[in-house]
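Trainee: Dropping the structure in here first, questions after.
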Amino acid sequence: MAIFGYGRVSTREQTTENQRLEIENAGFKVDYWFTDEGISGKTHASQRPQFVAMLDKIRDGETLVVSRLDRLGRDAEDVLRTVRTLAERKIEVIVLQLGKLDLGSSAGKLMLTMLSAVAEMERSLLVERTQAGLVRAKAEGKTLGRPSKTTPAQREEMITKYAAGETISALARTYGISRASVLAVVNPSREPTGMGPDGVPCAVVDWSDRRKSRGA
């Protein structure tokens, strides 16, 4: 079975040769060597060209050796995803940084359990940071979401025309926006605009436009 090695450096001025020497000095004769040069560590493993090429080349049951855990992904969650993909193919994964640890061994599985916990913590922290950022932006009066495609004056016109009987579709064509965008202007609270036959509130469907399109 062949032994594959993979190295990565963030800039093209750096070299992966030291990583290869480290792997070979650890006693592994590398049959196939893949490197991604000028690829940031923040890049997902699935977006690293040579890492993907290596995955296509390596066969089930063969061995992959890397010098450090971060060669397998950008963060704990990405590394975990990569290792699980390799494990499904019975590919032995050796990480020199962890003392030649085989991630498929009992100790390796324990490491993956810990890695899973770290990944979950990273996800939670990301959610917390995102929510905190939204709260801060709102407190500072910043507008969230996509910028509007219409001006305040145009939105006032839409409301006036809609109240005068102009259809949603006609307004959408006039202002070059979607029907949903028009509805967001004329009915921003998203409150029901009609009542169904069973007494359940429902939205009014703009049937007038549909009849026109059918020649009614």
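The backbone N, Cα and C atoms fix where each Cβ goes, glycine too.
Caution: TrEMBL annotation is automatic and unverified by curators.
Pasting the relevant annotations from TrEMBL:
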| type | residues | note |
| --- | --- | --- |
| ACT_SITE | Ser10 | active site, O-(5'-phospho-DNA)-serine intermediate |
| DOMAIN | 2-141 | domain 'Resolvase/invertase-type recombinase catalytic' |
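Each of the listed features needs to be described in terms of its position in the shown structure.
Mentor: Annotation note: Ser10 (active site, O-(5'-phospho-DNA)-serine intermediate) sits in a coil segment as assigned by DSSP.
Residue counts for the domain 'Resolvase/invertase-type recombinase catalytic' (2-141) under DSSP (helix as H, G, I; strand as E, B; rest coil) come to 75 helix, 23 strand, 42 coil.
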Trainee: Specify the count of other C-beta atoms within 10 Å of the C-beta of Ser10 (active site, O-(5'-phospho-DNA)-serine intermediate).
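Mentor: For Ser10 (active site, O-(5'-phospho-DNA)-serine intermediate), the 10 Å Cβ neighbour count is 14.
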